[in-house]
Amino acid sequence: MENWGWFKKLRRKNDRLVHERGLKIDDPIKYAVITFFALVILFSSLIFNTPEEIYIGLKAIIVSPSILITDYMVVGNIGASFFNAGVLMLLTILVSYRNNVHMNGPIIAAAFTVMGFAFFGKNLYNVIPIVLGVYLRAKYQKSVPGKLLLPALFGTALGPLVSQLSFGFDFPLYFSVPLGIGFGLLAGFILPPLANHFIPFHQGFNLYNVGFTAGMIGMLMMAIFRSFNLDTPIVHLVLEGHNDIFLIYFSYFYFFLLLIGVLFNHFRKASYKKLLRQSGRLVTDFVSMNGFGITLINMALLGYLSLGYILLVGGEINGPTIGGMFTVVGFGAFGKHIKNVWPILVGVFLSSLLKVWDVSSTGAVLAGLFGTTLAPIAGAYGPAYGIIAGFVHISMVMNVAMLHGGLNLYNNGFSGGFVAALLVPIFDSINRKSRRK
């Protein structure tokens, strides 16, 4: 690979940036690769819609209350959703780069998660106040902003809080827009200390820790709103009937992700076995521990697994399920691999068959994809325990959204925190000696 002309140019660029910005060696190359996939998503918007249609769709997305579950492919259009996702991922990469943050597993997970949820709930308007709120927190405690970048990025789960206050309660805009921005700033400001505080609650077995934190904040905000007789509607707006085109698109997307990973990994097989031996419990950075190439391979395989799960259960590939796939893919750099993910999927699938939910419904599919937040349980205790966790998770996740009224996009992270907190002590009492770190 080093003999290729383009790689030599990229390597020289890398060496210069390492010297100028103090970034870790090879970070600029990693930034270039992740930026490439963001650009692919951005320009893919033109496959589905014209620029004029994308512009009109983006305007509709921006003023949407964006309560869970709001598919931007329905609110705007498919092209506008892809454009929105690409822009937000590029901004995530830019903010990370400007703060001299290493392109490691957590940042890759954050970038793909932000992009994924930009298909159903996050947009350029509702994420900025939350990020600025975290920035104000950094200034208040005299900390380097880059140290709080992860809470800022993952904290955009509360985007619907900003949008609902701005556009969902029928207040006049001169009042509602400042109100929404103000609550977004407040949410961002209080989020970092709470996120740190809640990790011991689930002992790192819930990968979406900020999702649990955002759920607690959303629950508080919703309680306040309801005390003023303000409530959010139940929203289930999802696209249907586009599986064929999306199957082709994402099959190619994951193939290129896999191919680039194989090239960076120099076709070595042994390194993936090492990755699969790790439980994935917070904090497990696959990029730092196993290398960038093998991490990309892991991400691609998880993408194919997620895509296969959606099709196997008869689900729809739409904005929310695309968001679910990209979140699983992103956390393929930060705790998830095929060995600790499949038991959760099996548990959710079996639970759906036996309970009242249609296994092919978007809600049940999302419970499977996002339920892999509990993958460290399967990684630490074994597949049987992972299946149990998945089995329990779908029951929990279907009943906690009412607490935050859809203000927290990471509903499965909220649920996963409770499930992990309940099950891990029980599993420890049964199988602590064999628990893997």
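The backbone N, Cα and C atoms fix where each Cβ goes, and this holds for glycine too.
So that you can see what the record holds, here are the features copied from TrEMBL:
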{"type": "TRANSMEM", "residues": "31-48", "note": "transmembrane segment"}
{"type": "TRANSMEM", "residues": "82-101", "note": "transmembrane segment"}
{"type": "TRANSMEM", "residues": "107-136", "note": "transmembrane segment"}
{"type": "TRANSMEM", "residues": "148-167", "note": "transmembrane segment"}
{"type": "TRANSMEM", "residues": "173-195", "note": "transmembrane segment"}
{"type": "TRANSMEM", "residues": "207-225", "note": "transmembrane segment"}
{"type": "TRANSMEM", "residues": "245-265", "note": "transmembrane segment"}
{"type": "TRANSMEM", "residues": "286-311", "note": "transmembrane segment"}
{"type": "TRANSMEM", "residues": "363-381", "note": "transmembrane segment"}
{"type": "TRANSMEM", "residues": "413-430", "note": "transmembrane segment"}
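By the Cβ criterion (under 8 Å, sequence separation of 6 or more), the transmembrane segment (82-101) is in contact with the transmembrane segment (148-167), since 3+ such pairs are found. Note: the stretches the transmembrane segment (207-225) and the transmembrane segment (413-430) are in contact (3+ CB pairs below 8 A, sequence gap of 6 or more). In terms of C-beta pairs under 8 Å, the stretch of 107-136, 245-265, 363-381, 413-430 lying closest in packing to the transmembrane segment (286-311) is 245-265. Ranked by number of Cβ pairs under 8 Å to the transmembrane segment (363-381), the listed stretches 31-48, 173-195, 413-430 are led by 413-430. Sequence-remote contacts of a segment are chain residues at least 6 beyond its ends whose Cβ falls under 8 Å from one of its Cβ atoms, and for the transmembrane segment (31-48) they are 10, 54, 77-83, 85-87, 89-90, 93, 96-97, 103, 108, 111, 115, 249, 253, 256-257, 260, 264, 292, 296. When Cβ-Cβ distances below 8 Å are used as the criterion, the transmembrane segment (107-136) is approached by residues 34, 38, 41, 61-62, 64, 66, 68-73, 81, 84-89, 91-93, 95-96, 101, 145, 148-163, 166, 180-192, 287, 295, 299, 319-320, 322-327, 329-331, 333-335, 409 of the same chain, each at least six residues removed from its ends. Under 8 Å from some Cβ of the transmembrane segment (245-265) lie the Cβ atoms of residues 1, 33, 37, 40, 44, 47, 271, 291-301, 303-304, 307, 311, 317, 322, 325, 329, all in the same chain and six or more residues away from its ends.
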